[in-house]
Amino acid sequence: MSHILIVEDEAAIADTLVYALQAEGFTTTWLQLAEAALALQASSPADLLILDVGLPDISGFEACKRLRRFSEVPVIFLTARDAEIDRVVGLEIGADDYVVKPFSPREVAARVKAILKRMAPRTVAPVEAVHGPFQLDAERVQIHYHGQLLALTRHEFRLLQTLLGQPERVFSREQLLDAVGVAADAGYERNIDSHIKSLRAKLRQVASGSEPIQTHRGLGYSLRLI
Ligand code: CA
């Protein structure tokens, strides 16, 4: 069950949010001041903050800036119509979403759910092994590179998994074929090159400046953890 911290100085608005969020199964804490919310978040963190921009002590924007020094918790801003709408500023200082008053509390609850759902894979997915910028999850047959899930074919996955197993080691094409699980005949040896080529293209899409897969002419390939 996720816990939501609501920071809003108007009781009537906070009440509707507490009601809507509890109806969706969330637990809630309501505070009227930003300073108190920052202190609470530092000591017993909530899973998401709903932060009013116009608070009596410091603005929600300022509170979010301070929050970001120690927490990556998702933040939804509540902004007043006309006066405080500053989507760009809000998103620049690290908010995940914003809602303009007057709003539908059910709509806010739906956005809370959507943000927490988006967060879930990052925090729940078991990380099997981290090799530099690569995260290998053998059970799910997934590899993340710089935090991004690579869309790999089965052969590409096996290739990258093998290279990751012994970084800097030079693997011959034959050894890589073995790892991929294909018979090593002449035709397939060149096939490794085409798998490597498409693998490189996929890695480049994530980090265009890096070339982690090294070619060793006449020998084969190795992987650097960059
Ligand atoms: Ca206010």
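Yeah, the Cβs are placed from backbone N, Cα and C, and that goes for glycine too.
The following features are taken from TrEMBL:
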type	residues	note
DOMAIN	3-116	domain 'Response regulatory'
MOD_RES	Asp52	4-aspartylphosphate
DOMAIN	126-225	domain 'OmpR/PhoB-type'
DNA_BIND	126-225	DNA-binding region
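All protein chains included, Asp52 (4-aspartylphosphate) registers 25 other Cβ atoms within 10 Å of its own Cβ.
Mapped onto DSSP helix, strand and coil, the domain 'OmpR/PhoB-type' (126-225) counts 41 helix, 22 strand, 37 coil. Summarising model confidence by region, the domain 'Response regulatory' (3-116) averages a pLDDT of 90. Counting residues of the domain 'Response regulatory' (3-116) by DSSP class, helix then strand then coil, yields 49 helix, 24 strand, 41 coil.
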